[in-house]
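A.B. asks: Sharing a structure here in structure tokens format.
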């Protein structure tokens, strides 16, 4: 059948429902599945199967997440929904569910609640670029003014965290009524899908971003020079291009004189490929695992940053005891561990296993980083936490 083939050509986006407990995230997820599947085909996932989210492990952290897929006229979406607040925290910090956009669900009967605020803040911290709002349970509010008030409150809250609160789409609907097949409310789900299509820009593909390759191994090849191997994280590297070797020691510039994959010589290496890169005039001892090769000027090495962090619970194999100021674990970035000192925020004396917080890290050596880079926190090779760089300090 040629139809399925055509579908795959649609641009793909990752989205997810976020918001306060019992505001209707899972019901909305089921409603989107039902309404869009009716319109575009595909497999319907009902509320029970979404609510019964399977357990996954990401970097040793247990997360319950449901995944559904759906199509609109122009796009294909992968959508994640989590049953519990802790699952959202872990999901967003580990990047297990990278979101191009979040659908913030707010019950019109309640208005913004503590987790509404927390999820908006998390989205800002971990770099979810866009949010749109679905005001749910609007069938239960008769007062038009009350709906306007709730919408205004949500918009103000979003603006407080630097999202464009005045401009982003807010759809007033009822997930439950749409799920029950009421055409008036089904239309609101279609309106939400339309808002996703028109308001959320297509993310830049990895291949179009500036080249970067985290170095995993370094070899010396007699008569040819030094080869570094690793998986191209993003961008394209072509033979003859200049690259910088960044992190751990002073930045050096060199030229790529060869790209090989499975012992075959190539003209270029692309995002997602495992390649070996031959470097001109670079000695075996000038490069090490943990550095990155990157397009000159595209990324800088830093030692001090603010991270949004989740500390594993004892049950997840994390620490059994809290840690205090002066804590110095290793921070695993891309391919290597580097020691760093933790500065706890004002008023925080200790951090318990299972906690989520933001703190400042001072590394003993520079690492190539951008905001949004994920890392693990380790003690002697054992993962005890996960984090994301939310702000670079120096």
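Cβ coordinates are placed from backbone N, Cα and C, and glycine is handled just like the others.
Predicted, not measured: the structure shown is a model, and the values here were computed from it.
OK, Swiss-Prot features for this one:
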DOMAIN    10-204  domain 'tr-type G'
BINDING   19-26, 81-85, 136-139  GTP binding site
REGION    19-26  region 'G1'
BINDING   26  Mg(2+) binding site
REGION    60-64  region 'G2'
REGION    81-84  region 'G3'
REGION    136-139  region 'G4'
A.B. asks: What stretch of 19-26, 60-64, 81-84 shows the most Cβ pairs under 8 Å to the region 'G4' (136-139)?
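C.D. replies: Between the stretches 19-26, 60-64, 81-84, 19-26 has the largest tally.
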A.B. asks: Would you mind listing the long-range same-chain contacts of the region 'G2' (60-64), meaning Cβ under 8 Å and 6+ residues beyond its ends?
C.D. replies: 53-54, 82-84, 87, 90-91, 94, 96, 310, 312, 315-317, 383, 386
A.B. asks: Average pLDDT across the region 'G3' (81-84)?
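C.D. replies: The answer is 92, the mean pLDDT of the model over that range.
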A.B. asks: Give the residue counts of the region 'G4' (136-139) per reduced DSSP state, in the order helix, strand, coil.
C.D. replies: 2 helix, 1 strand, 1 coil
A.B. asks: Any same-chain residues 6+ apart from residue 19 (GTP binding site) with CB under 8 Å of its CB? Would you list them in sequence order, or say none?
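C.D. replies: Same-chain residues close to residue 19 (GTP binding site) (Cβ under 8 Å, separated by 6 or more) are 25, 104, 105, 106, 115, 116, 119.
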A.B. asks: What are the DSSP helix/strand/coil residue counts across the region 'G3' (81-84)?
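C.D. replies: For that range the per-state counts are 0 helix, 1 strand, 3 coil.
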A.B. asks: Ten-angstrom check, please: count other Cβ atoms within 10 Å of the Cβ of residue 25 (GTP binding site), all chains counted.
C.D. replies: 26
A.B. asks: Measuring Cα to Cα, how far is residue 82 (GTP binding site) from residue 26 (Mg(2+) binding site) in Å?
C.D. replies: 8
